[in-house]
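Engineer: Can you keep this structure in mind? I'll have questions shortly.
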Amino acid sequence: MDDLLSEFLTETNESLDVVDVELVKFEQEPNNEKILDNIFRLVHTIKGTCGFLGLPRLEALAHAAETLMGKFRDGAPVTEEAVSLILISIDRIKEILADLETAGGAEPEGSDDDLISQLERLSLSARTGAEAEAEAEADAGPDVTTGELVEQVLERPLRPGEVSLDDLERAFREAECEVELPVEAPAGEPAAEAQDDAPPPLTVKAGAARKATTEAKGLEKAEKENKSGSSVSSQSIRVAVETLEHLMTMVSELVLTRNQLLEIVRRHEDSEFKVPLQRLSNVTAELQEGVMKTRMQPIGNAWQKLPRIVRDLSQELDKPIELEMVGAETELDRQVLELIKDPLTHMIRNSADHGLEMPSDRRAVGKPEKGTITLSAYHEGGHIIIEVKDDGRGIDVERVKSKVLERGLASEAELEKMTDQQIHKFIFHAGFSTATNVTSVSGRGVGMDVVRNNVELIGGSIDLRSTAGQGSSFIIKIPLTLAIVSALIVEAGGDRYAIPQLSVVELVRVQNNSEHRIERIKDTPVLRLRNKLLPLVHMSYLLGADDTDVNSELESDTGFIVVMQVGNQTFGVVVDGVFHTEEIVVKPMSSMLRNLTMFSGNTILGDGAVIMIIDPNGVASAMASHASSVVAEGERKEVEEAIAAAIDGQSSVSMLLFRAGSSEPKAVPLSLVTRLEEFEVSKIEHSNGRDLVQYRGALMPLVYIDPAQTRRSEGTQPMLVFSDAGRSMGLVVDEIVDIVEDRMNIEVGSDRAGILGSAVIKEKATEVIDLGYYLPQAFEDWFMRKEMDIAALTKKVLLVDDSAFFRNMLTPVLKAAGYDVTACQSAQQAFELLENGDTFHAIVSDIEMPDINGFEFCEALRRDPRFRKVPVLALSAVVSPASIERGRQAGFDDYVAKFDRPGLIASLKDMFSGELGIAA
Amino acid sequence: MSSNDNLATGAEDSIQYVTVVIGGQLFGLPISQVHDVFVPDSVTRVPLAAPEVAGVLNLRGRIVTAIDMRKRLHLPDRDENAQVMAVGIEHKGESYGLVIDTVGEVLRLSMDSHEPNPSNLDKRWAEISGGVHRLDGKLMIILDIKRLFGAMVEPMAAA
């Protein structure tokens, strides 16, 4: 029964899609009896099957819809309302079917009385309409109509009986199989027994298998009968998609093996295998084509829902819209088809909503009131071109411009230089929507960028042409299939890579003395190609090879440039060698490698080697980020000013104010103080020349800020307790004054040990103490534990933290552990340093920073091939599994709590030992 | 975790392990998870991948991702010319090759000698170890495939 049900579901869903389309057509030509008959028949079949399968809810609904359509057939006028209602009913049926599928055959609870009663009401009023008409004609018509209605109403309780005629027959057939079984099974058994040492389990198995096949045969027969009964074409058979996918995989393997054989024969000139292999090669090619064909579906399948969508849109927006579809029979790969469906729907919606004007506006400019959207598809050199065209207002360049400025995507001066076409392309930017009003149809800011992403995901590209006042058209170019692609095999850095031909525009050979040579604009390689400058990047550079290697390779200035085009971006990728093109079978990478955006998959070449397939989109985005870093260099001045501003405008810090020794207030950031304590002076003990107190079961050394500080002789002694890794130190103070929230701008530096400098806090000059000076007084090795590492001495570490205090705090910690530390206060400044060519062996970055936070900083680093390999460590006050996970995704190598100094040192040490391992 | 699963499936409280040596330490993989043992040949480097990814290779028409267990366990690299072996396993339908130093014998070990990870075991090792077996004169660490990949694949290959 399950098979039957799933068969029913697929068939019904298909029928319903047809009904959708037909109904829209029918609404336009209500007199076309053929269309109506077709709809009527389909709905009737659905109703019948539902009755047989025991799905009363569906049956009732389908029946009510059928009744209404029966009225149309009898000449009742077709109203928009009625068609809408039927369409709604069809939607409801689809919903129920979807639930049915998920629930595995159980009809969902619920009632459709609302729809049924409306359908019946319309049926009745339609009848009266027909009656009135008939009466006017004074014909026998009314009787017939009324008679039919009664019949229809009466039919409902009776129908199970009616349907079961068909089904009885089917039931008979099924019963037949079961009767056959006992006969067949014994027949199988003796045969098996006849073999002397056939073990008994085998007999059972053989019997069972036979039973299964018999059953399957029976079902198949029944299905076939059923199909021919409902006049579905018997010219085609249904094959599970899985089977086709498997077939495709096998053919892919065959292609690979053939390539291998060809490779072998290529090496043996006079091989006798040559001729049969040629034949095998041809057969394989034909087989490949054949199997590909089974996966091919007319693009019309993806268009099926569009007429209905356009009709609904037309009503919703109050614009008459006509949808023209050309080339629906153009075939393309199933997989591609699935992926193109949603973008297409989106574009149609866009055209209807933004593209077409309101009827009144159209009339004003002398266009027909009804707007036209044309959807066409055709083949062009291994690609499918799909065009969505409307005859609306076209893209409003001025509005796009103002939006671009508003969003800060480009400056006014830049826009001035752009052609209209370049400006149009801004609509593909993320979050760009020209609709001033957010309608239910579009204008939610998820628009063309999503479409473009989807299209590019399948290796396609999208283009746009628009003429103001005459309409716009979107042109999508997508590959025929994704499974087997033609690729150019290139070499870079000693490894071979495959570049999909689709994105390769041309190959240019460069030599020092030839017409084409690599030129440089401040270290950025470019190529003069037909009076245009083509930005270049070396493949090994993209793949993270060392800078020095790449430069020497580029300096030699010989090699090949693969000119690639991705979307509207054209660039050249310099490779060391170009081999040949090969049909490659794209195999997905393992999940461990899927995070690499530079590759789209891998494949096995004819010679048996595995090579990585370059993802043109990944290269393009790497190019873009590379380009932006070059731009950043040009804007250095601005950045420098910004940094200066950032220094002035530091965020405020909680400071603890206290007095010790002198009367001037002193300050320390509150976040570092573990707790404030007061001890009885009598509790302070003296041992080994220093003051100690017993604190939480251990001896805590006391440190005086000023050696000349007066020791109290009675009462209590306030102190600040600093704890770290189980050790505590008490900093003796005279008086705790206040806790204030203020900016810590150290205005006057200090030469005195233990004082960072003076800052104005609460309008008073305050000394900010340097904790890094006092902590080692309590424990000499506070910062230098066993982590001290000779190897670390040569390592340069960049510390990025917006808080001056933490910079001052951590710099000595890292220095004490032997690292050469450079501190900077923002990600911008860090980029500055990196761009200046300062190299660092590791970067330690705070997460919570203004402007560019640590995650963004790290992601930016990871996007840049130059810094991709630099270990980056996150330092954060917030350490939760979620934030750690976020850190990992951003590309951080480790995530350490801000106060976990030993953790920081251990993590750095770990990174470097790991890195040494790589280098070795 | 998976060692418990094996307990359920293993006959009479004992499991067969394929033993491998990585950096001098004996490791054991439940035999049910080992598909084949091979010598990794012509491994293609994957630039930009996590450091423990040794590359990809063609094993009888299948693309196998090779993982250098020494890197994974943060052990020093082996000598240039040292012989390597690989253990083919499957995880979530994908083929992986664990590159190890040598393959030893197959041992049938009873649960009696099984112990959980010592609490002081290096956390990077504990992350992928499903326990320890006390053998005569040495200890065998159980490599837990699920945990090995759980730690690598899910957080997008923590390099």
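Backbone N, Cα and C define each Cβ position, glycine as well.
Pulled these from TrEMBL:
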- A:212-227: compositional bias 'Basic and acidic residues' (COMPBIAS)
- A:1-100: domain 'HPt' (DOMAIN)
- A:232-482: domain 'Histidine kinase' (DOMAIN)
- A:484-625: domain 'CheW-like' (DOMAIN)
- A:652-780: domain 'CheW-like' (DOMAIN)
- A:796-913: domain 'Response regulatory' (DOMAIN)
- A:His44: phosphohistidine (MOD_RES)
- A:Asp846: 4-aspartylphosphate (MOD_RES)
- A:189-235: region 'Disordered' (REGION)
Engineer: Pop the Cα-Cα gap between A:Asp846 (4-aspartylphosphate) and the residue listed as 'phosphohistidine' into the table, whole Å please.
Structural biologist: 68
Engineer: Let me know how many other Cβ atoms fall within 10 Å of the Cβ of A:His44 (phosphohistidine).
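Structural biologist: Its Cβ has 16 other Cβ atoms within 10 Å.
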Engineer: On the DSSP side of things, how many residues of the domain 'HPt' (A:1-100) fall into helix, strand and coil, could you say?
Structural biologist: 87 helix, 0 strand, 13 coil
Engineer: DSSP helix, strand and coil counts for the domain 'CheW-like' (A:484-625)?
Structural biologist: 27 helix, 75 strand, 40 coil
Engineer: Please list residues from the chain of the residue listed as '4-aspartylphosphate' whose Cβ is under 8 angstroms from its Cβ, counting only those at least six apart in sequence.
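Structural biologist: Set apart from the residue listed as '4-aspartylphosphate' by at least 6 residues yet with Cβ under 8 Å, we have A:Val800, A:Asp801, A:Asp802, A:Ser803, A:Phe806, A:Gly854, A:Leu875, A:Ser876, A:Lys898.
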Engineer: With DSSP helix as H/G/I and strand as E/B, how many residues of the domain 'CheW-like' (A:652-780) fall in helix, strand and coil?
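Structural biologist: For that range the per-state counts are 14 helix, 75 strand, 40 coil.
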Engineer: Which value does the mean pLDDT take for the domain 'CheW-like' (A:652-780) in this predicted structure?
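Structural biologist: The average pLDDT of the model in the domain 'CheW-like' (A:652-780) works out to 76.
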Engineer: Which numbers of helix, strand and coil residues does DSSP report for the domain 'Response regulatory' (A:796-913)?
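Structural biologist: Each residue of the domain 'Response regulatory' (A:796-913) counted once, the result is 55 helix, 24 strand, 39 coil.
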